[in-house]
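In what follows, a structure is listed as structure tokens, so that the remarks can point back to it.
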Amino acid sequence: MASIDENIKAASAKHPLVSLGDGKQYTYGTAGFRMKADLLEAVTFRVGLLASLRSRKLGGQTIGVMVTASHNPAADNGVKIVDPMGDMLEQDWERHATTLVNASSDDELAAIYNKLAVDLKIDLSAPAKVIYGRDTRPSGHKLVAALADALQATNTEFVDYKLLTTPQLHYLVRATNTEGTPLSYGKVSEAGYYEKLAEAFVRALRGRRVQGNLIVDCANGVGGPKLAELLKYIPKDKTGFHVKIVNDDVLRPEVLNLDCGADFVKTKQRAPPSPKPVPGVRSCSLDGDADRLIYYYVDAETGFVMLDGDRISSLAASFIGDLVESAGLKDELRIGVVQTAYANGASTNYITQHLKLPVICTPTGVKHLHHVAQGFDVGVYFEANGHGTVLFSSDALSAFKTKEPQSPAQKDALDTLAALGDLINQTVGDAISDMLLVEVILAHKNWTLSDWAMTYTDLPNRLVRVEVGNKDLFRTTDAERRLLSPVGCQDEIDEVVRKYKDARAFARASGTENACRVYAEAATRSEANELAERVAPAFSAPPPLSPSDPWLQDWDHLFWLIEEDEERERRLSPSYRRINVDRIYKEPKYLTNGEVDWDEWAEDKWDEYKWGKWDECD
Ligand SMILES: CC(=O)N[C@H]1[C@@H](OP(=O)(O)O)O[C@H](CO)[C@@H](O)[C@@H]1O
Ligand SMILES: [Mg+2]
């Protein structure tokens, strides 16, 4: 019989790693490995090896692997690991994933696999189990086949759940690991997920009925068929829950996330163009793997109104906060809200000043929010983009079920809270579960979306993506709200921000793209735009020269440009120097005892630029 090492090498040979060139490495980032799908086959195979190691390390508990690229275009895909309680992979192991995935040969892969086992004291003959699912991307088939090869090569038991939303896989991982224990999370099946949500939805409504229809845009992703399935479990007559699913075409992969879905709505700040929005109708959008949710409606007079993650967060915090008070648990349970720097300042004010709840700001990425929310008895966390959930501590869940009610009102509050404990996905943000939560709250409050929108007024804001030479130069502090480097950039931002009322702006490197993001918020829309436009150029590299630029053919313009020395000025500006600091250190002729002669550098670069232009015009 072949040894595991030989099996790994033989299977790995079928899934060769594609080099990224320039010594670039694959990295396990905020959302696992995510990129063009044709780069991911070997990566997914290797993630399978790591998942099996992780299961063996954790005494044979089941580990999950999800193949999805969420709201990205259809040509992308991604792969990420889910820990036994349905949480995201422990941060220390992200490093191991990166090391294993970048092995340069099949032999080196087997060697790193064995070294990890030795270093982490993993018994490779112990049992291991992995379950996995994928979104609707056609590339998912090939990737899960590579994953299965890795699991077979390492004698790992596995279950292929085929098409799932990301939160469904998280549910299944936790349900599998808690099956038959007092902490059982639900039946270990997709149907078990629907049964749990539908039952808790009816219970949480407490006899109330949902008012009006709801249109759900499913981004042409996996949320479409899964929501349709869930609806079969919810009695319409009893709940009044009438849903119209739109953008649910999963047969044409090219339409996935195209001009629809939660990311489109949030970033474009408008409703999907198709189907044509019906004024006044309550609508929401999920993203491609159904873990983000954004509500909105189109008002015949005032136009598009969006209710994003910050709104869902404040709505949930206010509703649950009131219930906790009515249940007589206010002094026993700590409620808190967790946001990122992208949360609208008006939502933060509303939560702290009106709801009187503490708000903690963490770096971007739900794993950071989730971790901090676990520190509360009721931890509400959402990213502005609509990804989030509400976590209940075990003390809170047991109080909801065991506290002796002193009045019918107290009993009602306790029963509603207990139902919410089952309705809200405790593992990860779940658009379908969050949508049911919002519907329950609106029904309890007898609110329309416009009532909800009136709780506070969003500060106008603008998010700009800036291409930079090297995003790793950007280091931040204070939950990403201030730049530490490039040195001096933060002072420039502060100086600009001071000129505006109620303004705030920050810049950080994206964790998912090779770019920086600049966020600006101010009292009026035009000021927010202006602020973003004044901050963003401080980071952007000069536009690349292209001989086909029309103005290059225009002698007058070119002459004017050189006369004005506009570009020279730009190259002498402090911000331009800062973003080029890594380039200059590669050109030692400008360095004397570690000091850069900026003027000489700028003059030389200007000459190169100027004469380059003349050459191109010849
Ligand atoms: C401004 C913004 O929306 N950033 C998103 C985006 O992260 P970046 O690090 O900004 O690229 O993708 C993350 C993963 O989906 C998500 O958690 C986060 O909220
Ligand atoms: Mg998603």
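Residue positions begin at 1 at the first shown residue.
Every residue gets a Cβ built from N, Cα and C, even glycine.
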So TrEMBL lists Asp287, Asp289, Asp291 for Mg(2+); which of Ser55, Ser70, Ser510, Ser526 goes with them? Ser70
Among 62-103, 127-180, 205-293, which stretch has the most Cβ pairs under 8 Å to the domain 'Phosphoacetylglucosamine mutase AMG1' (308-447)? 205-293
Should Ala509 (substrate binding site) be counted as helix, strand, or coil on the basis of DSSP? strand
Largest CA-to-CA spread of substrate binders Glu383, Ala384, Asn385, Arg508, Ala509, Ser510, Gly511, Thr512, Arg517, angstrom: 17
Quick one: of the binding-site residues Asp287, Asp289, Asp291, Glu383, Ala509, flag those whose CB is under 6 Å from ligand 1, and say none if nothing qualifies. Glu383
Rounded Cα separation (Å) that holds between Asp287 (Mg(2+) binding site) and Ser70 (active site, phosphoserine intermediate): 7
Ser70, Asp287, Glu383, Asn385, Ala509, Gly511: which of these recorded positions put a Cβ within less than 6 Å of any ligand 2 atom? Ser70, Asp287
So which other residues, same chain and not among Ser70, Asp287, Asp289, Asp291, have a Cβ within 8 Å of the centroid of the Cβ atoms at the Mg(2+) site? Thr68, His71, Asp135, Thr165, Thr166, Gly221, Ala262, Leu286, Gly288, Ala290, Arg292, His387, Ala431
